[in-house]
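Structure, as structure tokens:
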């Protein structure tokens, strides 16, 4: 029944029944990902974490292939040059290598996943599989953050913030480069993503405000982890 919305019209209605159903499944699977180690502590072994990281990378690859081969999307729009896939890949590399810098990148870059789940770029789709993979890969980003904080006791560092901001600026430069050549809008930095934003003119002012706002948001995300007067991390350690 729910799939008929997609099969009959090719349209994915935001906040429709299908949107709610797919998002709910993705949230439940992501919650299960976080909660399973309480029942099965052996899942926290390094080899199992590495397998999870590889599996998540394959999920992302599956999303790209499904989009281009089954859903009729242009490969130009499926390359992982947005912030969300960069965060997901960083999280996967953290699970594989356990290097804190990758967790820091995941943490500071994952906030876009919430917007993607609420306002998915699925206004036109042909396969329900793509919609499920899209929602699941985005829901896994905050789940990986919670998993790492809760089970692996990972923490954010000032150096991690600096690397995340610098990395984001490099991603923005990369997006501008490929947007010009492919006609895409990676990082939403070459075209207005929403009509309401067209009031911000000239366009370079929008670009400057957009980049500045995301850098400021990363700084805000760092505040719970800043050292206290006693030199301890301010975030409560569970």
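Heads up, the Cβ atoms here are built off N, Cα and C, so glycines get one too.
The transmembrane segment annotation in Swiss-Prot covers 15-37, 50-69, 79-96, 101-118, 128-150, 163-183, 203-225.
For the transmembrane segment (101-118), the residues of the chain that approach it from at least six positions outside its boundaries are 23, 26, 82-84, 86-88, 90-91, 93-94, 134-135, 138-139, 141-142, 144-145, 148, 154, 156-157, 159-161, 163-165, 167-168, 217-218, 221-222, judged by C-beta separation under 8 angstroms. Sequence-distant contacts of the transmembrane segment (203-225) (same chain, six or more residues past either end, CB-CB distance under 8 Å): 83, 107-108, 111, 155-158, 161, 164-165, 168-169, 172, 188-189, 192, 197, 233-235. For the transmembrane segment (128-150), the neighbouring stretch richest in Cβ pairs under 8 Å, chosen from 15-37, 79-96, 163-183, is 15-37.
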